[in-house]
Each structure stands twice: as structure tokens, then as C-alpha cells.
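Enquirer: I am attaching a structure below and will ask some questions about it afterwards.
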Amino acid sequence: MQNSELSQTYKEYLLILKECSPYDFSEYSDNSIDRRIQKIRHDYHLSMPDLIQKTKSDPEFVEQVVEAITVNTTELFRDPKVWNQLRQKVLPTFKNHPKINIWHAGCSTGQEVYSLIILLDDLNLLDKAAIYATDISQKALEHAKRGSYRFSFNYEKYLTNFQGAFEQSDTPDIKKYFNINESKDTISIKPQFLGRVKYIKHDLVKEELPFYNKFDLIFCRNVLIYFNGALQTKIVQRFHDNLFPGGNMVLGSHETLNGFFKTKFAKNGPVYARTNSFHLKY
Amino acid sequence: MQATDFKIVVIGGSAGSFSVVSAILASIHPQFKIPIVLCLHRLKHVRSGLVEGLSLKSVIKVLEPNDKEKLQYNHVYLAPANYHLFLELDGTIALSTEESFNHSRPSIDYTLSSAAYVYREKALGILLTGANKDGAYGMKDIAGKKGFTIVQDPATCDIDTMPRSALQLFDPNLILSPKEIVQFLNTLPH
């Protein structure tokens, strides 16, 4: 279950994966990637040599490996306090912008994409928004496009989060945004809120980005925790480069930036505003 | 018989463990040196307030760590709601949102097993009252690496499923009441 004693093995595997596929997991954090690979071997009943052999010879299997490595945990308005902060403090600053460019980096199955759409709609900002959402997992993207989730296990939590996001103001009826069908066990975003997002398969580790514009808001929640420090730095630098001055980056509630970046962003909880210059204290 | 140069204390618990942990943190030596990691299951819809609740009586600083945060002496780290917590070889904490394990996130097994792997005989694992078997295998992992293990005496538990599951798997070094656990901890250097 924990780190295999032969830690070389999975590192070797990652190098082979990098050589014979477009995917590079070599800078993922050791502990978590080791655990994911052990899970794959367990689920597919594969020894390490078998896994390597299959990876070299079967591109479809490689896609399955990528899906299995990816962690897709997400929920509607996860950490409602953050969404409340966005609704009350951050999004209103875009009122006079002609356009709001938004990127969900590592959007998973889309719950947080729709969380933001709901807040934008509530603030009458949705028509100004250009929303891009990327993920390494094709399966997750397809699910995100459908915007339909299981009712059981989710609804109670989603409703509590929804109410938390609107605390201190008029909470709209959740049915304004979702069709709820208990017999089919679904909670689905209403059709008028679908089709407003450009979903693109993209591996964050790769240098080139699939868009040409800069952003006012970048969401990257609970993704960086799977990367090692060096890769985190690289990605955060890329976010910084692609934010307009004053633009905001939103991380997971238990993710922070290391020392160097503390001068490039002004932190307010998990919301990081890109500053124009270094804060030099002499 | 007891090793005293522990580098980490991991305490796991579920139903009924809040008052036990709270009592431990209230009566532990204020200069207790070794970092304490708490992995406690929470009620499904009560996600916040645990760190504040524990801080009320604790004589040591209690915090919910961030990913890749370095462990410090004389601190208590509470696994944040909805994240697994792992201890890393470089003395940092890693968080993860991977699938629930034993229907739990945080999973006590994950935290304990990572402590066993990283700290081996210098890990002290304590498993408290709870209504689920999470934690039993992690405790066994600590015992397997010659770490020190304490299981709360089932007779003193609100719900004894968790300690009993552990006792079925291995023989811990000690089976103690909450009071005795505090006494034991306070024999450790501070």
C-alpha cells in the first residue's frame, strides 16, 4: 500500500513511459506516483515487467494508465468558504471588464467549472466570460462536458456547499441551476449552462499552452499536490506568465507557494493575486 | 523495553475520539517535543471547526498543515478534512485527494503506514476509539517495522470496533486507558 521498497522500479517505469508515450510523470511527487502505479499493477494484476511490456506495445493501454494515475476527486463548491470569497470579493472586481478570461487547469469532471458558472450567472457576469477548462484525462473531460453527476452520495454535500457559497446573501434555489432526477440518480446542470466552456485535453506538464490569450482567473485546485517542488515552481511560473496583472490564481485550500513566489503574488486564503512588481523590503 | 527516541507520534481515531484527543492535548507536557500527527475521521457534514475545537484545551499549537509543509517540534498536525495525509522521507507532510480508503478520507491506515515506512522503529502509533476498521493495518505496519504501538483499551472506548480490529491483527506494545496514554506520553523527553 505504501512506498515499495524498490523505489527504483517505478522511477524506471516512468522513464519508459516517457520514452514511448507523450506523457511525462517523472516529476510527480514520489510517494503519490508510486502509490498510483502500485494501484494500477494491483487492478490489472500485472508484475512490473508485464506492465513495462504492455506499456511499450499497447498505446491504448497507456491511455488507461494515464486515466488510472489521474486523481479525479472534486465536488460542487468544494470548500464553500473559498467560493464565498470569490463571489463577494474577487468576481465583483471584474464588473467593468469587457471580458473575463478564465482557465480551469486540471478541471477533472467539471464540478468546479459549473460552480464558477453559477456564481458568474448570479452576479450577471456570465455573458462576459470566456471559459477554458483543461485536463489530462479525456474521460474526465467527457464527463465534464455532460455536466451530470450522481445524485446519491453527492446531493446532500453539494447542497450544503452551495448554501455555504451563498452565505450572507440571498441563496438562489439550487433547482435554478440543476435538474434533479432522483429516480435516474442524477443531478445535471441545466442545458442553458452547458456549452459555455471550451474543454481541451492538455497535460499541464507540457510547455506549450492550447490558447493565445492571457487570463483574469486561473483555477488549479488540488493538482499541484501531486507534483514535486521543481515541477510546482515551473507550473506556477507559467500561471504567473499567463495572468493579467491583478489577475487571480486559485489553489486548493491546503496548497501554498514557496518562498520565491510569495513576492509575485498577494495571498488572500487560497486566492493569489498577481502583483505588478516585486515587493522589495529594504 | 521501551524506546524513547521517537521522531513522530501518530494518533488515529474515529467515533468518540474527539474527547480523548482533547484530553490528551490538555494534559500533555506543554514542551512535548515530538511532532504529533492526528488522523481523525470527521462527521460527513461537519468539516470545519475540529482544529478550533481541539485548540480550545490544547497546550500545544494545533494546525491543519498545507501540502509539503515541514514538521516542527512541539506542534500538533491535524489531517485536514477531505485529504489523506502522508509523512514523507524529507520530514515534510504530503496531502492527497485520492479515492477514499476504508470509506475514509483521511484514512488512518495511510497515515500510519507512511509513518511506519519513513520513521520505522522511531514511530509511535496510537489507535483510539472508533466505529470502523481503518487504522488496524497501519498499526500493524508500525509494529512490523519495530515501531511502538499503543491501542486504547476497548473497555474504555465509546465504540471499540477500531481498537478490536487492530488487536485481531497484532499484539501492540501496550493497551492503555486514555489517562495512561497521557502518562506514557509524558514519560517521553520534553
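Here the Cβ of each residue, glycine as well, is placed from N, Cα and C on the backbone.
TrEMBL annotations: computationally assigned, not manually curated.
For B:Ser14, B:His41, B:Asp134, the entry in TrEMBL reads active site. Taken from TrEMBL, the feature domain 'CheB-type methylesterase' covers B:2-169. Taken from TrEMBL, the feature transmembrane segment covers B:6-28.
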Enquirer: What whole-number Å value do you get for the CA-CA distance of B:Asp134 (active site) and B:Ser14 (active site)?
Expert: 9
Enquirer: For the transmembrane segment (B:6-28), give me same-chain residues lying six or more residues beyond its boundaries with a C-beta closer than 8 angstroms to one of its C-beta atoms, as numbers and ranges.
Expert: 34-41, 50, 53-54, 56-60, 62, 71, 76, 87, 104, 108, 111-112, 115, 118-119, 122-132, 134-135, 138-139, 142, 148, 152, 157-159, 162, 178, 181-182, 185-186, 188
Enquirer: Restricting to the domain 'CheB-type methylesterase' (B:2-169), report the mean pLDDT as a whole number.
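Expert: Averaged over the domain 'CheB-type methylesterase' (B:2-169), the predicted model reaches a pLDDT of 94.
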Enquirer: For each of B:Ser14, B:His41, B:Asp134, count the other CB atoms within 10 A of its CB; which of these active-site residues has the top count?
Expert: B:Asp134
Enquirer: About how far apart, in whole Å, are the alpha carbons (Cα) of B:Ser14 (active site) and B:His41 (active site)?
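Expert: Cα-Cα, rounded: 5 Å.
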